[in-house]
Amino acid sequence: MAEAATEIPPTASNVTVFTFEEQATSSLALYGMSILCIIIGSIRSAQYIRTNIDKKRLIEGSITMREARKFPISASLVLFGLYLFFKPAAERFLWVARVFQILRVPEEYVQKINSTIISYTANTTTTGPSEPFLLRLASRIPQERVPEAIQNAATYAYTNLPTIQKAECMQLLTFLICFEGVNAFASLLKPFVTAFLKKMPLVPSFLRFNAPYLFSLKKGNKEMEEGDIEDAKKKETEYLFKIDFDRYDIIALLMCSPILISHLLKRHWITNNIIGVSFSILGIERLHLASFKAGSLLLVGLFFYDIFWVFGTDVMTSVAKGIDAPILLQFPQDIYRNGIMEASKHSMLGLGDIVIPGIFIALLRRFDYRVVQTTAESKAPQGSLKGRYYFVVTVVAYMAGLFITMAVMHHFKAAQPALLYLVPCCLFVPLLLAVIRGELSALWNYDESRHVDNEENRKKVDSGKKNN
């Protein structure tokens, strides 16, 4: 997920000037929601990981050192791809040409690029509908080089199939993001649905039984007769896709579906925040950092990533404004003037500024509770180990970093790379505490990699099941 920088509307002569009370209210609301997400998500993360370990399940979706090294690069590619997607064609090509000039590409190649841009975007400034770029590109291919069958198929597709433009792609992307967010909210709501259906009277008996379901796509690793794959050994098959759910998941999702419909129709800030908070809590719970070293590397990499894309370019803010989906938290600054339903001038905080520090703080929560113990800790007498409070201290550090971010944002009235302030607070404070307590080695070497879902660990689990 590309993260959006925290921002407020720029100052301009025709822009409403908000009072200190209005700005403070919106900032405190975002401040409270972000901290709530981190605390709840971290608590749920410790429970989730401990449950998986107790049931001898390997943890999927872990971020190890390998993933941490690649994450800033892959995130940059996704972010830049979205940026190019939102840019008009002419601006997109001119931007590429400027990059070539910065990279000191020979002038003759730059001139060829410019001539190509002028040729292919010549009609994009007219008032009438512009001809699709791919059609203009295809028209430049000599017809004698294209087989007649391909020409006929292309002509039929162009005249009969609906045209998929940027707007349609944006609608699909928005729907997918909103659906996943509502699904996350349903997961948070499920315990309450379960308690209601199990304990309340007059509930039909078929609803009291929580039937589990498994939807999967399995591939064989060798040739088999039809029907043999179902009974094949585990090592002879692999899952291409697998999702397990139960009846209460479906009921919770149906109960949350009005939020999805409402947000798709109205894009209100309340439904946006319901989806965004759910995304953040479940993301912190399920995105698993495998070790403190991996978490440190991830934070340092995204520290420079955030600075570059916010301060160095307009990419981050352009993508944040271009995606009309709940990828950030919002709270209106004009809520006192226009009311809850009509307020429309928002302060914003990107979900990445919550989830990225949040998964690191969740790791510290698991370190405090010794979810994974060393050999010495496992042999120590009950109650002899001293308590840890890295989680609480780092939450306070995050609060301080976020406060600094918002203060700088309001002072300069411009978008700020929040991780510039959050990463030093969340990384150096627990390290300093570990030095003071003499636990630097234990913290730095804290590792949950043996519970990560990979080939080596799967073999160990399978051999353990055979021995039992």
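Cβ coordinates come from backbone N, Cα and C, glycine included.
Judged by Swiss-Prot topology annotation, Arg66 lies across the membrane from Ala414. With Cβ pairs under 8 Å as the measure, the transmembrane segment (297-317) is packed most heavily against 416-436, out of 268-284, 389-409, 416-436. Highest Cβ contact count with the transmembrane segment (344-364) among the listed stretches 23-43, 71-91, 248-265, 268-284, 416-436 falls to 23-43 (criterion: pairs under 8 Å).
Per-class residue totals from DSSP over the topological domain 'Cytoplasmic' (44-70), listed helix then strand then coil: 17 helix, 3 strand, 7 coil. Using a Cβ-Cβ cut-off under 8 Å and counting only residues 6 or more beyond its ends in the same chain, the transmembrane segment (268-284) has close neighbours at 33-34, 36-38, 40-42, 44-45, 178, 180-182, 184-185, 187-188, 259, 262, 326-332, 340-341, 343, 346, 351, 354-355, 358-359, 361-362. Note: the stretches the transmembrane segment (389-409) and the transmembrane segment (71-91) are not in contact (fewer than 3 CB pairs below 8 A, sequence gap of 6 or more).
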